[in-house]
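Colleague: What TrEMBL lists as transmembrane segment is 24-45, 57-76, 96-118, 138-160, 201-223, 235-256, 268-287. The domain 'G-protein coupled receptors family 1 profile' annotation in TrEMBL covers 39-285.
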Amino acid sequence: MQLNNNVTEFILLGLTQDPFRKKIVFVIFLLFYLGTLLGNLLIITTIKTSRALGSPMYFFLFYLSLSDTCFSTSIAPRTLVDALSEKTTISFNECIIQVFTLHFFGCLEVLILILMAIDRYVAICKPLHYMTIMSHRVCSVLVAVAWVGSCVHSLAQIFLALSLPFCGPNVIDHYFCDLEPLLKLACADTYVTNLLLVSNSGAICTVSFVVLMFSYVIILHSLRNHSAEGRRKALSTCISHIIMVILFFGPCIFIYTQPATTFPMDKMIAVFYTIGTPFINPLIYTLRNAEVKNAMRKLWSKKLVSDDRR
């Protein structure tokens with residue numbers, strides 16, 4: 001995997017070098033990661049086992065929870081180990097793999113959020129044709145396209161990373177591998193690479209955010225023609241989606257659209273979208289969605305009944 005590089009491993013400085021603060025980081029990351037796994041796996045299990053959650057919206061929610069779980073897993077376990085270790089090194093190949101998985105599942109989440117917005121638009125603005133337009137086959141094809149698109153985006157990141165020459169400095173001032181901190185270590189002019197990074201990751205985040213917000217404005221505007229009950233239900237769902245979009249895209253746009261210079265707050269903002277958002281997403285969908293809560297209650301009641309019979 002290494003191309004003209006003398007560097008075989010990197011040193012991750014993490015969020016802090018203070019031993020006591022590293023323990024605090026470990027506890028916080030562990031709680032958030034376990035909460036992310038529990039919440040998202042519960043949603044995945046509920047959707048898979050419940051016949052009431054068979055609509056396209058929950059089909060996309062299944063993949064959103066899956067991408068959240070994998071996205072968080074690409075970073076959190078490594079950070080937990082580093083928080084308890086004195087030596088926090090990562091091999092060149094492991095670093096490249098982390099860049100790939102981070103961007104793959106991050107981009108997949110972006111594309112799934114767009115698909116969920118399309119689903120809500122069709123459901124609210126084209127209700128009579130909803131099941132025809134958003135058939136199971138169409139939804140499956142859209143998700144497959146999202147996976148392919150994510151792969152293409154991630155391979156582009158890997159190409160940029162492998163094109164960087166590393167010939168000496170190997171200390172990454174971050175808690176995970178990404179192109180931004182790697183650019184600072186390259187022993188060459190990275191102006192063009194940074195432009196490509198902004199035009200790739202930055203453009204994806206910014207354009208997707210604008211498209212999503214514009215689509216929800218159209219959806220909310222069209223609710224004027226619906227009944228009070230229909231408006232209430234659609235508004236509740238759309239607000240959940242909008243909250244997720246803002247929480248995820250806000251930090252991503254800040255990180256990936258800035259110039260080559262980095263700011264002290266970058267790592268804290270990265271914490272928010274790498275472990276904060278995946279943890280919050282299940283809470284938003286379970287607390288604001290009566291259908292998901294009812295399906296979860298039925299799932300647990302069935303489990304309790306089966307346990308009693310044993």
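Just so it is clear, glycine is given a Cβ too, placed from its N, Cα and C backbone atoms.
Bear in mind that TrEMBL entries carry predicted annotations, made automatically and left uncurated.
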Colleague: Test the contact criterion for the transmembrane segment (138-160) and the transmembrane segment (268-287): 3 or more CB pairs under 8 Å, pairs 6 or more apart in sequence, then answer yes or no.
Modeller: no
Colleague: The transmembrane segment (24-45) vs the transmembrane segment (201-223): three or more C-beta pairs under 8 Å (separation of 6 or more)?
Modeller: no
Colleague: So what's the average pLDDT for the domain 'G-protein coupled receptors family 1 profile' (39-285)?
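Modeller: 87, rounded to a whole number.
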Colleague: State the residues, same chain only, that lie 6 or more residues beyond the ends of the transmembrane segment (268-287) and have a CB under 8 A from a CB inside it; answer 'none' if no residue qualifies.
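Modeller: Distant Cβ neighbours of the transmembrane segment (268-287) are 15, 29, 32-33, 35-36, 39-40, 42-43, 61, 64-65, 68-69, 71-72, 75-76, 174-176, 178, 240, 243-244, 247-248, 251-252, 254-255, 293, 296.
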